[in-house]
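Now, the feature entries from Swiss-Prot:
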- R11, I12, N317: NAD(+) binding site (BINDING)
- S153, C154, T155, R199, T212, K213, R235: substrate binding site (BINDING)
- C154: active site, nucleophile (ACT_SITE)
- H181: site 'Activates thiol group during catalysis' (SITE)
Amino acid sequence: MIRVAINGYGRIGRSILRALYESGKRQQIQIVAINELAKPEAIVHLTQYDTTHGRFQPRVKLVDDQMLIGDDVIKILHEPDPAKLPWREMDIDIVYEATGAILDRNSCEAHIHAGAKQVLISHPSSADVDGTIVYGVNQDLLRAEHTVVSNASCTTNCIVPVIDVLDKHFGVKSGAITTIHSAMNDQQVIDAYHDDLRRTRAAGQSIIPVDTKLARGIERILPHMKDKFEAISVRVPTINVTAIDLSVTLDKTVDIATVNQVLELAANGRFNGILGYTDEPLVSCDFNHDPRSSIVDGTQTRVSAGQLVKLLLWCDNEWGFANRMLDTSLAMIAAKQS
């Protein structure tokens, strides 16, 4: 049984916990502790009730400083300094670092010094970590000596499996990406101050361009794609699910049917459970709570002049990513034990 702790219990932290119980991986992973500065009553309430993902079916209770989920007891901590967390006493194997604020190796090593054996960051990180993993593509690079690993981003997990498939079958010369991302909690409900002037504006009233490092994230997973991609991102007034508009120029000449067939076969084969394919006339809310990293919308595939291909990809940017956190942590333990 892998003993884990969650540091930072926001959207991703709570999704990880709920996904653990819904995915059937509870027999392999035990959440021992949650470190979150919010009040325990709010922690328990937001675990039980969620606007996006609905009510959590197991009954959740607060007893003293512990959250009870069925027979499971989870210690609630409120320690702002990771170096002071009791990971050694709790025998923590992996910390899910989900604050969004601790993103480099030096900061994450505070968890290691506190006694945790490994750290998995729920965010793109600095280049000094032991590895950045997109599960399904490069988890085989994990080694026993790796202690600090990044799970990349939800959009990197969405797009990299598709690029990998296209490149292996047709060769990818270059690409351009537009991420159409749901609003996030770094935006404002009504106009208010923010360092990014666009994010001073009300999230529910505008389509808001934001910076993205997605193209650089692709390069980290697929180094041979260096300088081949550029990306922009906009936030839209929805609370969950992201669409990615991917345009790629291929080495080979293709048609719509060929591209869709290759992607559907990959979804049913090597990337089963990671990549999906649909030809139904669906909209974003239909992918809410979908555990896959990426779903190709075959109805929107377009080909121009035989080599310019445009695809529409969907992902639940919370739930899919949370499930990959679980998968990657299991792969980290497997590598450590090999």
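Cβ coordinates come from backbone N, Cα and C, glycine included.
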S153 (substrate binding site) - helix vs strand vs coil (DSSP): coil
Rounded Cα-Cα span from I12 (NAD(+) binding site) to R199 (substrate binding site), Å: 21
DSSP-derived class (H/G/I helix, E/B strand, else coil) of H181 (site 'Activates thiol group during catalysis'): strand
Residue pair N317 (NAD(+) binding site), T155 (substrate binding site) - Cα distance, angstrom, rounded: 7
Mapped DSSP class for N317 (NAD(+) binding site), helix or strand or coil: coil
R11 (NAD(+) binding site) in three-state DSSP notation: helix
Annotated substrate contacts S153, C154, T155, R199, T212, K213, R235, maximal Cα-Cα distance (Å, integer): 20
I12 (NAD(+) binding site) and S153 (substrate binding site), distance between Cα atoms, whole Å: 11
